[in-house]
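Peer 1: Pasting the relevant annotations from Swiss-Prot:
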type	residues	note
REGION	1-251	region 'Disordered'
COMPBIAS	54-63	compositional bias 'Pro residues'
COMPBIAS	83-104	compositional bias 'Basic and acidic residues'
COMPBIAS	141-211	compositional bias 'Gly residues'
COMPBIAS	224-233	compositional bias 'Polar residues'
COMPBIAS	239-251	compositional bias 'Basic and acidic residues'
DOMAIN	358-527	domain 'tr-type G'
BINDING	367-374, 413-417, 467-470	GTP binding site
REGION	367-374	region 'G1'
REGION	392-396	region 'G2'
REGION	413-416	region 'G3'
REGION	467-470	region 'G4'
Amino acid sequence: MEDKNKTIKETLQGSADAGKRKKLIIKKKGDDPSTPSPAASPKKETVAESAPSSKPPVMPLPLPGDSGQSPIVRPAPSSHSPAKREESPGKQDAGRPPRDKDTRQGGGSSYPPSRSPFQKEDSNIIVSRPIQRTGPSRPNSGGGYQGNRGPGQGGGGYQGNRGPGQGGGGYQGNRGPGPGQGGGGYQGNRGPGQGGGGYQGNRGPRSGGTGTRPMPITSAEVELSQSRGSSVTSKKKGHDKEKSTSDRDFSGAENTKFFKQKFKKTKVVGVSGVSVPKEITLLENVQVGELAKKMNLKPGDVIGKLMKMGMMVTINNIIDAETAALLADEYGCKVKVVSLYEETIIEEEKDNQEDYINRPPVVTIMGHVDHGKTKLLDTIRRSSVIDTESGGITQHIGAYQVRTARGLITFLDTPGHEAFTSMRARGAKVTDIVVLVVAADDGVMPQTLEAISHAKAAEVPILVAINKIDLPAANPEKIMQELANHGLQSEEWGGETMYAKISARENIGIDKLLEMILLQAEVMDLKANPKRRAKGTIIEAKLDPGRGSVATVLIQNGTLRVGDPFVAGVFSGRVRAMYNDLGQLIQEAGPAFPAQVTGIDGVPDAGAPFDAMADEKEARNISQHRIEFERIGNAGAATGTSSKVTLENMNEFIKQGALKELKVIIKADVRGSAEAIKESLEKLSTPEVKLNVIQSGAGAIVDMDVMLASASNALIIGFHVRANPKTIALAEKEGVQIKYYNIIYQVVDEIKLAMEGLLEPEKIEEVIGTAEIREIFKVSKIGNIAGCMVLSGKIQKSANIRVIGDGVTKFEGKLKSLKRVKDDVNDVVAGFECGIQVDGYNDFKVGDTIEAYNVTVIKRKLE
């Protein structure tokens, strides 16, 4: 009640007697009744008919709290009642009776919202506005809704229910049976009476409105409204401004057309309404699910598209970038392909050669089981390492650094040679010198020979330590003789191998052995740069219950400090703490220093590369790329391991310069057969391709043979022997080829054919004709054509040609066209003129010679 002097009028429906009406005038307390209200001139009154005496067929919808009152009558709000917020009738659901709302200052009942189409003059496309009339209300023009109708003249019905008055209104063209006054229709059907009320804005020609519906004033406006499908504005005296008279409808044809234009989709929409990006970045291979995620699409949509392209895939299948680009192109998305392998490579830091200094040698102790390897290391370190080992046999790789009178030496204690080979198979080369321990009382054992083979395959110098010379059965001379038969000739006997006779238990000859190691290191001139970021190799890694992932790292170059971010294999981390081989905390580790490092987010493999990084974020990115690279099946390349050689791909390795010799491992049923095959194959070596038998022996093909072949990039030949399923599975995993034979000459013939394919074929050149350039014709868009006279032989279009001028070969290539006059020909013989166009060459000169020749390729044979 904003205006204190304003009169609130409420239209109330009365009884069936149309002549009896009650006027309800409510004024605020304190107003002078004799003084006219300034807000109403002439005075406005709201006339309502009294409630009908009988209930209508359809039950009214009373509001809560109105019990005991007429369902149509609404009491005027009191002065202390809070003002109700006006709600848009356009927001109400179509087909459902709207709730009564207070739409005018005086309060009153609201009627159903108009169903008329949009009014074009109205700037608001959502909210409908009820008509506010300034003139007196019309008593003879009530319109009902769902059975609620007035009893007076011209009541309008809905759904076939007609009021008892004169001229009841029907539904959808059905007109009331009254005598003609006030029949109301539906959807454009108007009653002929006075003041009929319709539905959706279509009303009879009499001036009278129902509820909040606008109403055309003249018949011309009615026709215009009907033809346009929209309501019109009403102009009244005293009003210069046009008012909107239409509520908004969301189901009309015009509205549908409007919304299609207004909200037309212009983008391809993916999951959750997110648009497909214009460009994405992919690796060479990508999972279907990952592609869908990058394109904001559902995986099912991507799979469906690929099926239409003829590919049966699942969400976990991997497709190449070319296929992904074709699919993305259908969505208007461009694909940028990046190399995943390049993302896994750490850019090498530039070194200053002046910063390089001598570094300690890294020594690996190898030999047969129980020949005294760990005891020797224990004696050197003067500590009790053996007591911590299970049963006195080494169970893990240990790395230790000892200080001697002449300098530091780093020792690797391996369980036999398996770990040594495993690290080499992963591309790691950590050892500078191998110390081969042989028991003086036991002699050369099979594992000793395998250790020799591994060391030679790694191209690492070997020092021999003949242990247990204090025992009565010791025979060092016999050991030296046996080893000389396997290529380890002693310096005392004119060879190049240094021998040391020692007793690890009695500490005999240890100093001489250490002196030999340092002497060999001086010859090798081992250097490193301690001023750069650390670079090394994982020696071993484990999961410690108290410290998490712990890795033993051999620093090969640079210096590692606490807090440095790093990448270890496919994992990343930051150095949380470092320990030396005695378990003491240290702050930094220099070249050739073995350190235990904590702070890794995983357990890397032995032999994995270790690189300190400048930025932790970069370390994580490289780690993620390596994990992705490993996931899609390229783990070998991610850790630096190259592809393995087979008899079928040897030629490719030769062309790439990656293979200069063919390495073979021979296993036979008896040692005599193995030696015979070895001698036969070694005779196939040529200056271009050498055949190297790195190991031969009797017995079945075992896991160690596979690991040696993997580390050496060699083939395995089995003669009358087989590998068990476990070994076969390991060979497949490592990419090692195993060939089986039963006849010796089959072995020799197949290897011979493979090596002949590696030989560079012999090429024989035959000149078939020459021609002299007499004239040059310049043709636009084609190039220069040489007018020639064939002097000897013939010029063939398919032949190779060379252009010779002043005795110098100017160009070699192929003919692009050969013509006689204007005709294309295949050859031109001596004595005839011809036109020659050379592919990729236009610098012809008169007097130059064009020579045609053929090349014959002859396959070479091994002699």
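Yeah, the Cβs are placed from backbone N, Cα and C, and that goes for glycine too.
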Peer 1: Minimum Cβ neighbour count within 10 Å among the binding-site residues ASP370, LYS373: which residue?
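Peer 2: Lowest Cβ count within 10 Å among the binding-site residues (ASP370, LYS373) is ASP370.
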Peer 1: Let me check the 10 A CB neighbour count of ILE469 (GTP binding site). How many other CB atoms are there?
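Peer 2: ILE469 (GTP binding site): 19 neighbouring Cβ atoms within 10 Å.
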Peer 1: Over the region 'G2' (392-396), what is the model's mean pLDDT?
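Peer 2: The average pLDDT of the model in the region 'G2' (392-396) works out to 43.
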Peer 1: When DSSP states are folded down to helix, strand and coil, where does GLY367 (GTP binding site) land?
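Peer 2: GLY367 (GTP binding site) sits in a strand per DSSP.
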Peer 1: How do the residues of the region 'G4' (467-470) split into helix, strand and coil according to DSSP?
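Peer 2: For the region 'G4' (467-470), the helix, strand and coil counts are 0 helix, 1 strand, 3 coil.
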Peer 1: Are there any residues at least 6 positions away along the chain from GLY367 (GTP binding site) with a Cβ closer than 8 Å to its Cβ? List them or say none.
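Peer 2: Set apart from GLY367 (GTP binding site) by at least 6 residues yet with Cβ under 8 Å, we have LYS373, LEU436, VAL437, VAL438, GLN447, THR448, ALA451.
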